[in-house]
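Per Swiss-Prot, the features are as follows:
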- 473: active site, proton acceptor (ACT_SITE)
- 80, 122, 123, 447: Mg(2+) binding site (BINDING)
- 121, 194: [2Fe-2S] cluster binding site (BINDING)
- 123: N6-carboxylysine (MOD_RES)
């Protein structure tokens, strides 16, 4: 066992003395058992994590009963919703790297034999997953589970995005102070990751398809007693994985990655999933390129539409309708789309995991013969405005905006854009451009939920597009094109735009362009001043110096895979 490094031999007497002092070691027999890290992300700032302390307790008890010695440790987390719209959002994506590094540090410093990862929200799941693949010891993921959708007294279903959009509606006097307060008080009824197909739930669903979590991980509610049972099962499984030395790189292969992207496209997941899955692929040393995604999306039907694409369906409905397993089973009917032989932490193949699943409500999970669209709910756009690509959640774009040409309204930061939207500077037909908000320029590639929600709330969702080198919340909807690469801070073409430039977005053709010649773009860029970092001290200053493009997952410059092709 790896842990023998810190517990076997006369020379490890000091180590054993310290281990005994923790209270976790209760007898000399414990040194013969595998040391299992319970990597928890409990904190009281994130509603998706406020209940994880109890899940950690359950995991520890079950690991001990199964023959392991559990050591719980915590890592940080950021609530994207609370961090939204201020300096805090610049720390959100950057926290992913801190989480990965901190988990790696604890696991390697203490020579743990296996890990039970208990994440839930946006950057915590991918951060832990990056660390797990980096250290490559047996691991299993079991998330905290999704939040229930909220309901107003009149029976209307609401969620966090309802509140953000209500702010825009309130600014136009469409709703009263009291109506806004009613939505605010009912949208988030309890613990769990926010209730739609936002980033947290997207990543926790993808964990099943990647093979690193048990069936049900992505959809069983935080408040459902089955969630505790899932934690127990996962905690027993880690002992099996340690004994068989089944490691995450044995599971997360290229075929598992493609399975996960197929699920992502079928559910119209958050655009952030692309960012995170590319980063995870890098840690697994899989040579996967951004440009491959459109070919996969082209053969993956969009069969499960969930909030924010529709307020009629939330994650609890997906669970009731059969969950991720039912979606994967339906997709498996398409020849060659999924690799059902992919191994999983259950000890079974993906095909065996989903064999008993069924669609229980075709209004929630459609069949492949009756999809919302024949192609997936996410797409990568290319053109002279995004030579290295940009990402759009096609499943949340209204039909009228799938093709759009309009004049640019350019803003060099998110705050100015929000002000412009609220002050009616933005008119129907415009293309809002928010730049210098990329991984380096932001820094931290902040989410644009506030401006997209303001656009929707002010009734402009069917007539205004927004493009940015930043990113979007999983809750954003509308013609929102993000991750524009190269970013403005790297002198990408988006930096050359001026007010009035005509921008054409053609989502079916997967293109995004500005009506300028290459020469004109280059001439404008040559006249730009050298980019001046916005933050010059602390973690974000270091992050900005090391972070790479969104098209490589915004990973740090420590890998041979981090340069765009």
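Heads up, the Cβ atoms here are built off N, Cα and C, so glycines get one too.
Neighbours of residue 447 (Mg(2+) binding site) among the recorded positions 121, 194, 473, defined as a Cα within 10 Å of its Cα, are 473. Among the binding-site residues 121, 123, 194, no residue is found with its Cα located within 10 Å of the Cα of residue 473 (active site, proton acceptor). A strand conformation is recorded for residue 447 (Mg(2+) binding site) in the three-state DSSP classification. For the binding-site residues listed here (80, 122, 447), the lowest count of other CB atoms within 10 A around the CB belongs to 80.
Apart from 80, 122, 123, 447, the Mg(2+) site neighbourhood in this chain, defined by C-beta within 8 angstroms of the site C-beta centre, holds 78, 83, 92, 93, 121, 199, 200, 272, 473. With respect to their backbone Cα atoms, residue 194 ([2Fe-2S] cluster binding site) and residue 122 (Mg(2+) binding site) stand 10 Å from each other.
Long-range neighbours of residue 123 (Mg(2+) binding site) (same chain, six or more residues apart, CB within less than 8 Å of its CB): 77, 78, 80, 92, 93, 95, 96, 99, 276.
Of all the Cβ atoms in the protein chains shown, 31 others lie within 10 Å of the Cβ of residue 473 (active site, proton acceptor).
Counting every protein chain shown, 28 other Cβ atoms lie within 10 Å of the Cβ of residue 121 ([2Fe-2S] cluster binding site).
Secondary structure from DSSP puts residue 121 ([2Fe-2S] cluster binding site) in coil.
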